[in-house]
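Database features, via TrEMBL:
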TRANSMEM  A:12-33  transmembrane segment
TRANSMEM  A:39-59  transmembrane segment
TRANSMEM  A:66-88  transmembrane segment
TRANSMEM  A:123-146  transmembrane segment
TRANSMEM  A:153-171  transmembrane segment
TRANSMEM  A:201-218  transmembrane segment
TRANSMEM  A:249-270  transmembrane segment
TRANSMEM  A:290-314  transmembrane segment
TRANSMEM  A:326-347  transmembrane segment
Amino acid sequence: MISRAIFENNVGGTIFLGILAILAVMVPVLHLAVPEDSFFHVSTSTVVVFGKYLSFALLALSLDLIWGYCGILSLGHGAFFALGGYAMGMYLKLQTSGGAPPDFMVFLNWKDLPWYWWGFDHLSFALLMVLFIPGILAFVFGYFAFRSRVTGVYLSIITQLLTYALWLSFFRNDMGFGGNNGLTDFSTIAGYSVQAPETRAALFSTTAIALMAGYLIAKAVVESKLGKVLVAIRDAESRTRFIGYRVEAYKTFVFTLAAMMAGVAGALYVPQVGIINPGEFHPANSIEMVIWVGAGGRGTLTGAALGAVLINYFKTIFTTGFLAPYWLFALGGIFILVTVFLPKGIVGTLASVDWRRWIPAKRAPADEAQLKPEPAE
Amino acid sequence: MRETFFFLLMLCLSLAAGHALAQEADSFETGLQRLSANSFSETERAIEEIAASGHPQAYKILDAASSRRLFYSKLQNVVAWKKDSGAYVDARTGDATTSPPDDLKAVRLNNKLRGLVDAAMGGLSLLADDPGKRRDAAASVFKTRDVKNLQSVNAALAKEKNAEIAKMLTEAKAAIIVTTTGYPDAEVIDAIKSLEARGDQETLGLIRAVPDTASEAVKKAAASAEASVETKLALWETAQNLWYGLSLGSVLLLAAIGLAITFGVMGVINMAHGEMVMIGAYTTFVVQEFIRSSAPELFNYSLAIAVPLAFVVAGVVGVAIERGVIRFLYGRPLDTLLATWGISLILQQTVRTIFGPTNREVGAPDFMSGAFEIGQLSITWNRLWIFIFAALIFTGLLLALRYTSMGLQMRAVTQNRRMAGSMGIRTGRVDALTFGLGSGIAGLAGVALSQIDNVSPNLGQSYIIDSFLVVIFGGVGNLWGTLIGAMSLGIANKFLEPFAGAVLGKILLLVLIILFIQKRPRGLFALKGRAIEQ
């Protein structure tokens, strides 16, 4: 039933999954099997950069789930991403040091691993933590915030305070997460060198597959009855509550789910980029994520992923050349243009065009368009 | 250098103390006579004798000698010193000399003698005419508490007319007595009492330094004095923290009050608010640069000139933002938040392009530099002025909202936008003016913050989150919420700092605010009524 919901009447989603499947297979092949001087060869830097984009896409997807479908504008979503990244970074760090306290602890004269580092030398435990740490934080935070009916701008600001508090905390050396420098200098993951082309290709494919899985989960959620309630909450929270739905339970669920997806995105991001530092917690990062979703199209899932890739692609182009001083102008401009002129985003705008008008034979009844609920704030 | 000076001072004072007061006149006279011998060794003895005499003129004579203004006449047996005006003064009497002798020769000093003169003057400065010098001398005796000084302190104490300096001398004497063994108990206990009255960190050290060999009565007195000084110190420290807290609170108030107004009226968080503060700070910078290059004599008025300019510049930018972007986003507060964030990025980068990424120097006018003390409370002038400035702005705004028609309209729109619109209030115009007002006040905040913070493109970013804290903590119902929010956050921050450190204190505060919002999702002073619910 769910598969029907996903593939029928969902051209965009099918194309999206198709492209990802092709990328997951073709990029490793073109990177590893095709000789370097060939036109079709995909360079290491391309694999790394696009792997990073795909992890950002997964992050944007999770943000779209709460913002686009439930109206929760989190300005602290980066915190969950960074926590997932730190969990992965801890595993990688212990791989490098062989289970002993990593280099930065040696500099601090710490003889033993702090208790919260125990277990991170096992990949399976680290992967569980990638899900659980952001999940538990989101559950506790969401439970209290939604139960108290903190909504709208107030919620946005306390999520921002959350990530700001974490940002300050992770800068402290005493926290045992490497302070200012964060976690870096990784050597192996599950025994394979993180620098090896094969590992990079595998990580890329894993990220693409994770993004596909994330999309399928998100799509399953939004197409289910649960998803309809979420949209109802987004459009008229009080009415939904009066009908008898436990709004806070729905919100907490979707907030926690999104945080876990963000954690996975962070965990995939770290081994590819090779570093995680407190900068990822900065509130500005979290706000930037929101505009990926906004530009691509909130409430579309595929749009969020597309927006993340597009804007980060622009960012790479802008910040590496002579255009670097103008990147903030461009980014600021995107924020304004998207909110003022393109509130539905790229995908949302394309989807709202009545394509059937261009196909004269199959004219749809005019009423149907009017029945569609208009996404509110 | 300092030690040498003190050593010589001690030496001299001990010399001074060695001579009986009865010999004062004699040694002064012989000293003066020796000056005319024109040999360094005689001059040395002369200086010692003059210093030891404690004669009322001694200080002036030595002072003149040190600046080569002291002359002698061998023929007429006259020693005289020259005023800055060129007139001569008889050293013996201190009277002006109408007909100076023809054979006046300067008293020569070598380096050794110059050192001796300086040291002798130090000892004599307990008796100097200038109260400032006597005060310094008393303070230095208190610090060194050398028993050799006791006699000169006693001598000075007997003559001292100035109550404040007499008190300092008493304390200096007490410090010497408490730390030296061999004085009668009653005297020591008196000394401890006078130290207790002073009651600062140093006296605490002195009281604790009462020798173990002291009698039980003395020890008891010391213990009770210690306890009372400790209490006093704790009180002063609390007062100091309170002041720091209020000072930080006034900064927060300045930064947040404009935000609170726009949020209250329009229901939108202006993420570019911090950049309005930054624009205000850069306006101050530009004004000062202009004054430096074209009218340096106006520098002390630079802030007074910058205040209205910053208000206008930031206000105009604010109105432009409202008319250019925000009015297209009515009813979409979250979109407004994102759009203003975009604006803030653009403004930051614009300023970075024009003024460069580095900190810009904004000077302080005379009346804002330095500090003063009340008891043990140290208050810097710039913080005090910022506090007053914040209080003025707050009061002004309160009055404007209460008594002007614009204020009335703003309050109406805050309470019920649609109803206000139905009554004929042009809500769009109110929005634009509110935004301009909020931004203008942020610009004013920028003028104040330029005095205590780095003026850089990131200035606004560092205040925006704190401003949010204030606004959501205080609520948007009225300005009092913002005031109480700012002050309590400032004070809480400063009281957490000593226990938890600056960063951890801040983190704790953030967590507390997040918890507080669970209890009161609309802040301390929430607007009540149905109008608020969507």
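Along the chain as shown, the residues are counted starting at 1.
Cβ from N, Cα, C; glycine included.
TrEMBL does not curate its annotations; it predicts them automatically.
For the transmembrane segment (A:123-146), same-chain residues at least 6 beyond its ends with a Cβ under 8 Å from one of its own Cβ atoms are 79-81, 83-84, 87-88, 90-91, 155, 158-159, 162, 189-190, 247-248, 251-252, 255-256, 258-260, 262-264, 266-267. The transmembrane segment (A:290-314) makes no contact with the transmembrane segment (A:153-171), as judged by fewer than three Cβ pairs under 8 Å among residues 6 or more apart in sequence. When each of the listed stretches A:12-33, A:39-59, A:66-88, A:249-270, A:326-347 is scored by C-beta pairs under 8 angstroms to the transmembrane segment (A:201-218), A:12-33 comes out highest. Between the transmembrane segment (A:66-88) and the transmembrane segment (A:326-347) there are fewer than 3 Cβ pairs closer than 8 Å, counting only pairs 6 or more residues apart in sequence, which means the two stretches are not in contact.
If you count C-beta pairs under 8 angstroms between the transmembrane segment (A:249-270) and each of A:39-59, A:153-171, A:326-347, the highest count goes to A:39-59.
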